[in-house]
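Worksheet: one structure, shown below.
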Amino acid sequence: MLLFCLILINMTYPSMTFARVCSNIYFLNDLCRHALLPLQMFFAIERQSGLDDPVRLRRAESTRRVLSLELNHNRDVDRIHGNGINTLDIEVIDGRYMLSGGSDGVIVIYDLENNSKKPQYTCKAICTVGRSSRHVHKFSVETVQWYPHDTGMFVSSSFDKTMKVWDTETLKPAEEFQFDGNVYCHHMSPVARKHSLVAVGTKDPKVQLCDLKSGSRIHILQGHRGEILSVRWSPRYDHILATASTDSRVHIWDVRRASGSLFTLDQHNGDKSKTSSEAVNTAHNGRVNGLCFTADGLHLLTTGTDDRMRLWNSATGENTLVNYGKVVNESRKGLKFTVSRGCSPEFVFVPCGSSVAVYGLHSGELITMLRGHYNNVDCCEFHPDYQELYSGGKDCNILAWVPVLRQPDIEDEETNSKRGGTQAAINPAFEDAWSSDED
Amino acid sequence: MRKQLNKEVAVFKSRMNRKRALIADTFCLTKRRRCAADSVTGESQDIRSSLQYLVTLFSRKLFNDSLPPVVLKHQLYSLHNDKTSVDKQVNELRETGELLMFQLGFDSEAFALVFAEDYRAKVLQGEAGRGTLGTVEKFLTKLIPSCSDLSFNKEKMLKEFLFTDSEITQLVKSGVLTVRDAGSWWLSIPNSGKFIKYFIKGRKAVLGMVKKSKYGEILQTELEGRRTTSQVKFQMKYHIHDIIGAELVECIQTTSGTLLRYVDGNVN
């Protein structure tokens with residue numbers, strides 16, 4: 001096949017060198033259409049021959065997979081929660097275990113890995129902190145997060161005004177922090193090595209920083225005038241924190257500084273003429289209830305109840321003015337949304353009513369709406385290794401959106417039908433090609 | 001030799017026709033890239049022509065020709081897919097002084113766009129014979145090629161533009177400036193109060209038509225053909241572009257054309 005392509009190229013365009021041919025992507029597209037070879041095959045050929053960076057093939061394939069996300073009847077997640085699911089978190093180390101927190105105070109851990117050799121798989125719940133446990137949260141769990149460095153520990157915060165640090169082995173809280181108001185959100189820095197601070201956003205306009213090493217509340221960040229609905233550490237620097245509040249403002253803090261915030265995000269970029277004077281220096285025209293950094297930490301996304309989503313440059317605080325249109329947002333609490341990782345145009349997955357909207361990050365266009373939930377979607381989480389999306393909502397379901405598998409080649413299809421037509425081809429990785437018949 | 005090669009390719013094509021369907025999804029990515037590339041080059045001309053098309057939908061006679069044709073920025077979103085590039089191009093036109101943008105006041109996100117020459121012509125036409133003509137002309141010459149702000153505060157008016165207090169009062173009287181709060185003013189279109197009133201009434205009426213239809217949805221062609229009630233003073237198409245662009249209705253492509261479905265949760 002490869003030889004044929006080479007001959008084809010050399011015969012049609014004898015003057016062009018092979019390297020120049022392969023580097024011209026649109027030329028390749030035309031050639032593909034004539035020869036009807038998939039473009040991905042050319043990515044593979046280029047990677048194989050060393051003409052291209054291996055990252056390009058990976059990014060192209062990741063993007064193709066994200067664009068083809070859909071509900072798969074083969075993949076299911078155990079239904080444990082009796083009430084809506086507020087938060088999901090997938091651990092970063094293996095990408096194997098997922099935490100979920102529900103409105104009934106229950107916390108469940110799922111195993112996402114498919115070790116059965118069949119394509120039909122239900123992600124089982126390994127353990128639960130259920131209503132019968134002595135240490136379960138009294139009211140709704142708003143945020144859960146794995147400890148960023150291993151799965152021995154996770155932190156959950158709830159409307160019962162506490163934040164608990166759990167030992168995964170025994171499922172008992174190792175530490176409990178009490179607060180004065182409902183805790184809306186908390187976040188631990190994913191990159192921090194020097195500190196183990198948890199930023200907590202509560203009903204109080206002061207952002208609290210709790211230290212896991214000493215078990216005390218060591219720092220307070222003052223500057224907001226309303227409830228803190230969302231806090232997020234930057235994935236790039238371990239001292240940069242972003243907080244969003246009901247006073248329509250988003251502050252970016254450097255926790256090493258003693259004085260106030262570094263800057264506030266201004267939706268008009270300092271152009272005071274565009275709006276009425278009360279709305280000066282606000283990030284949104286309503287409550288800001290969602291924050292998400294992009295994977296490289298260079299951009300920050302915010303969503304607000306004015307039905308808008310904005311993309312900001314996280315270093316300067318400048319509004320990049322990407323227009324996503326109307327992003328329906330009626331959430332009274334924080335909204336948990338996520339950005340893809342490892343794709344070539346990155347994608348934002350935002351829960352919008354009872355579906356998840358997928359937008360292109362820098363273009364602002366609506367790619368698709370993922371419909372499948374029966375009620376409002378509250379949270380979604382992206383699995384970067386498999387390009388899967390897990391979303392949870394008020395209908396107590398966690399849905400797994402899986403990329404559509406590539407169709408098998410014609411030759412494979414024919415041999416399959418000759419064998420008597422299996423309904424689903426077994427993944428060749430699971431096929432037993434080594435054990436002999438004698439065993 | 002080329003002919004022989006083409007024949008070989010044709011034979012290859014016919015054999016591999018089935019494969020084309022299976023790998024169509026990979027082409028989605030490249031087709032998307034190609035379409036994006038095509039549309040970017042063609043767009044900069046299109047914004048101006050879209051604006052001119054929307055200007056023709058504006059009914060001049062309704063206001064006895066005293067208003068320049070007003071187009072709303074979100075009406076452009078209904079004609080072009082990429083909102084960010086629409087914003088960017090509108091800003092470019094504003095920088096060059098071809099287009100003026102106004103904050104209308106009934107919605108913080110609704111901006112009105114008027115071509116600068118039209119604005120200037122109508123304002124001067126309205127001011128003809130009045131004492132404030134000189135001040136207004138001076139303001140327009142300062143404003144049109146260089147300044148693209150939506151509002152002005154006192155400091156700017158006094159220091160940069162070198163207007164006196166009495167001149168500012170004259171500008172407010174003539175309708176070119178409206179009070180925003182103490183010491184700052186919005187740029188505005190004179191006699192635009194009637195426009196805003198008819199516009200809001202008409203928008204509500206058209207949205208009501210969509211809402212009252214069976215299942216809350218109606219084909220766009222059918223809506224365009226409906227008889228306008230007395231509430232709707234503008235052309236139907238003008239309002240349709242408005243409600244699509246402001247995302248007050250959802251646009252669904254069907255085999256019989258575009259379907260407009262009322263979106264619940266609208267404040268309007």
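Note: Cβ is positioned from N, Cα and C throughout, glycine not excepted.
As annotated by TrEMBL, signal peptide applies to A:1-19.
Sequence-remote contacts of a segment are chain residues at least 6 beyond its ends whose Cβ falls under 8 Å from one of its Cβ atoms, and for the repeat 'WD' (A:134-176) they are 83, 86-94, 97, 99-107, 109, 127, 182-192, 198, 200, 202, 210, 212, 215, 333-334, 336. Annotated repeat 'WD' per TrEMBL: A:134-176 (among others), in sequence order.
Per TrEMBL, repeat 'WD' is recorded for A:221-256 (among others). Nonlocal intrachain contacts for the repeat 'WD' (A:221-256), taken as residues 6+ away from its ends with a CB within less than 8 angstroms of a stretch CB, comprise 181, 184-195, 197, 199-209, 262-265, 279, 281-293, 295-298, 300, 302, 304, 312, 314, 317, 333-335.
Per DSSP, the repeat 'WD' (A:281-322) is made up of 0 helix, 19 strand, 23 coil. The repeat 'WD' feature in TrEMBL is assigned to A:281-322 (among others).
Averaged over the repeat 'WD' (A:370-401), the predicted model has a pLDDT of 92. The repeat 'WD' feature in TrEMBL is assigned to A:370-401 (among others).
Residues or ranges marked as region 'Disordered' by TrEMBL: A:412-439.
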The repeat 'WD' (A:134-176): DSSP-derived helix, strand, coil residue counts: 0 helix, 23 strand, 20 coil
Residues of the repeat 'WD' (A:221-256) by DSSP state, where helix covers H, G and I: 0 helix, 18 strand, 18 coil
Same-chain residues at least 6 beyond the ends of the repeat 'WD' (A:281-322) whose Cβ lies under 8 Å from its Cβ atoms: 226, 229-232, 234-237, 240, 242-250, 252, 263-269, 328-331, 333-339, 341-342, 346, 348, 350, 359, 361-364, 384
